[in-house]
Amino acid sequence: MFDVTRYATAAQSIVEAGRFLYERGWSPATSSNYSARIDGDHVAITVSGRHKGQLGAGDVMVVDLHGQAVQSDCRSSAETLLHTVIYQLYPEVGAVLHTHSVKATVLSRLIPAGQALELEGYELQKAFNGVQTHEGKLIVPVFDNTQDIPALAEETRDWFARHPEQPGYLIRGHGLYTWGRTMADCLRHIEAFEFLFECELETMRVRR
């Protein structure tokens, strides 16, 4: 069982995040999926196929940390395991967001296979939890898109178990995943990534 009040709070944070992200064009149509931790065993997550700018309480369901629905006949996103693996790895994480912005999608296709996006020298790197200086380096791995979500979940688990300080990743031609202790932290990370992605794309354009 899970606490209904905590579920309602988590669901409301997801609804509000959906409006925020849709208004900025980072989660068009029914793309993207969002989640928030309820407790050590349960997560609130968006129901599959729902328009993220028009979410209501009925568009958020509960799953356990294995991605199984709890007290619901609804179907969560096919990518639910990409959320739950982060909650399993990091007990302190309170929210995970997956967006489909143009910049994240395009940039993910420009990074050569087998390479990661490296961000350094940007003052805005300090927007991420735990980052104190622009002199460090953020490494954003780019995983190939696949319909085999369990395999992709394990790939992300292996990488982030070895790099717990990194705050997100890209899926090629697909979008961004990031997380934070709170939904507010997570939304701040999305904004920071979007700014940094735009800087990288503009740098590539100027250098051509």
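Just so you know, glycine gets a Cβ as well, placed from its N, Cα and C.
Here is what Swiss-Prot says about this protein:
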- H98, H100: Zn(2+) binding site (BINDING)
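In the shown protein chains, 25 other C-beta atoms lie within 10 A of the C-beta of H98 (Zn(2+) binding site). The number of other Cβ atoms within 10 Å of the Cβ belonging to H100 (Zn(2+) binding site), over all protein chains shown, comes to 21.
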